[in-house]
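The annotation Mg(2+) 1 binding site is assigned in TrEMBL to GLU92, ASP114, LEU116. Per TrEMBL, the feature Mg(2+) 2 binding site maps to ASP114, ASP117, GLU281. Summarising the annotation, TrEMBL assigns substrate binding site to ASP117, GLY118, SER119, SER120, ASN209, LYS275. The domain 'Fructose-1-6-bisphosphatase class I N-terminal' annotation in TrEMBL covers 6-194. Annotation comment: TrEMBL describes 199-332 as domain 'Fructose-1-6-bisphosphatase class 1 C-terminal'.
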Amino acid sequence: MSNKISLTRYLVEQQRVHGRIPPELRLLIEVVARACKRIAINVNKGALGEVLGTADTENVQGEVQKKLDVIANEVLIEANEWGGHLAAMASEEMEGIYVVPNRFPQGEYLLMFDPLDGSSNIDVNVSIGTIFSVLKKSSTEAGVSEQDFMQPGHQQAAAGYCVYGPQTTLVLTVGDGVAMFTLDREQGSWVLTQDQIRIPEDTKEFAINMSNMRHWDAPVKRYIDECLQGKEGPRGKDFNMRWIASMVADVHRILSRGGVFMYPWDKREPEKPGKLRLMYEANPMAWLVEQAGGAATDGRQRILDIQPTKLHQRVSVMLGSKNEVDRVTRYHSEL
Ligand SMILES: O=P(O)(O)OC[C@H]1O[C@](O)(COP(=O)(O)O)[C@@H](O)[C@@H]1O
Ligand SMILES: [Mg+2]
Ligand SMILES: [Mg+2]
């Protein structure tokens, strides 16, 4: 018998041994993981399938959709409406919530996702991913509305992402640390390859889109300026920079070896609090990072404490190695 731990076994242990998750949540996570396998198959087809290029449609944020944005969204909806235990879903690619029709099994959970993160990388064969977040409907009233989704990130029941890169990897938290599973394509199963991931508290690596430098706010400018001065500057060490432009891949690197990731508010669109979306990008990533010993703020407060008011709400994001996130957050209160 193989001593490899599958996702199913990990989840069954979370349910039965640790009493951390109810069976409905276990099944829901398994359905999401299965959908990610199907998305991975589509991603891998590349130019051999009809999956590259744009779809000639726009999403609610006014962004041109890629074919894979649409495919991944459909795969997640289809799998999860059958999967059961869901009341409704919300996605970057849909304006309103998707209430699970009552011909399908009904449940108390709410699923949110960014079906395909890093869309600009699809056609150039660079890592992309799927991000998801699960909440539990708080009201016991019949029916479900957008209001049921308006819960701060610290109320998430599960969160994770799948990165479609050189390996296909699923990273998950149910509030008991962070576990990483690698897709074994021959067996078609997710195998636990790392448990209780920890992000080092210090780092010499930052991730930010430097082309926006002239638009940044003073605290972010100060933080990056100090990093760039290297050994000769106030930080007394040289920093390295990485920017993949897929949040999934940048966060995955940080969970693997530390670092700080920032997509701050900037002056290009001052009325928007940031570029990234709170409910299905920032919240799940913030919880994963905190569960791995890191920190996540919008520069002023913990992301997980933000009370959402809109489904597609945007937010400024700084996350990763704790001491660096604390430092840049402190700079926001000093200036
Ligand atoms: O091109 P930019 O402005 O650097 O933005 C990159 C960021 O935009 C995003 O791609 C947004 O995600 P989507 O592809 O889901 O719209 C993030 O993953 C990434 O961090
Ligand atoms: Mg995204
Ligand atoms: Mg997306």
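Backbone N, Cα and C atoms are what each Cβ position is placed from, and that goes for glycine too.
TrEMBL feature annotations superimposed on the structure.
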{"residue": "GLU92", "record": "Mg(2+) 1 binding site", "Cβ contacts under 8 Å, 6 or more apart": "ASN59, GLN61, ASP69, PHE113, ASP114, PRO115, ARG277, TYR280, GLU281, HIS312"}
{"residue": "LEU116", "record": "Mg(2+) 1 binding site", "Cβ contacts under 8 Å, 6 or more apart": "ILE39, LYS66, LEU68, ASP69, ALA72, ASN73, ILE122, ILE128, GLY129, THR130"}
{"residue": "ASP117", "record": "Mg(2+) 2 binding site", "Cβ contacts under 8 Å, 6 or more apart": "ILE128, GLY129, THR130, ILE131, TYR161, SER246, MET247, VAL248, GLU281"}
{"residue": "GLY118", "record": "substrate binding site", "Cβ contacts under 8 Å, 6 or more apart": "VAL126, SER127, ILE128, GLY129, ILE244, ALA245, SER246, MET247, VAL248, ALA249"}
{"residue": "SER119", "record": "substrate binding site", "Cβ contacts under 8 Å, 6 or more apart": "GLU63, GLN65, LYS66, LEU68, ASP69, ILE128"}
{"residue": "SER120", "record": "substrate binding site", "Cβ contacts under 8 Å, 6 or more apart": "ALA245"}
{"residue": "ASN209", "record": "substrate binding site", "Cβ contacts under 8 Å, 6 or more apart": "TRP243, ALA245, TYR263"}
{"residue": "LYS275", "record": "substrate binding site", "Cβ contacts under 8 Å, 6 or more apart": "TYR263, ARG314"}
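Shown in sequence order, GLU92, PHE113, GLY129, THR130, ILE131, TYR161, MET247, VAL248, LEU276, ARG277, TYR280 are the same-chain residues outside ASP114, ASP117, GLU281 whose Cβ sits within 8 Å of the Cβ centre of the Mg(2+) 2 site.
Checking the binding-site residues ASP114, ASP117, SER119, SER120, LYS275 against ligand 2 with a 6 Å cutoff on the Cβ atom leaves ASP114, ASP117, in sequence order. When secondary structure is read from DSSP and collapsed to three states, ASP114 (Mg(2+) 1 binding site) falls in the strand class. In terms of DSSP helix, strand and coil, the domain 'Fructose-1-6-bisphosphatase class 1 C-terminal' (199-332) has 59 helix, 23 strand, 52 coil.
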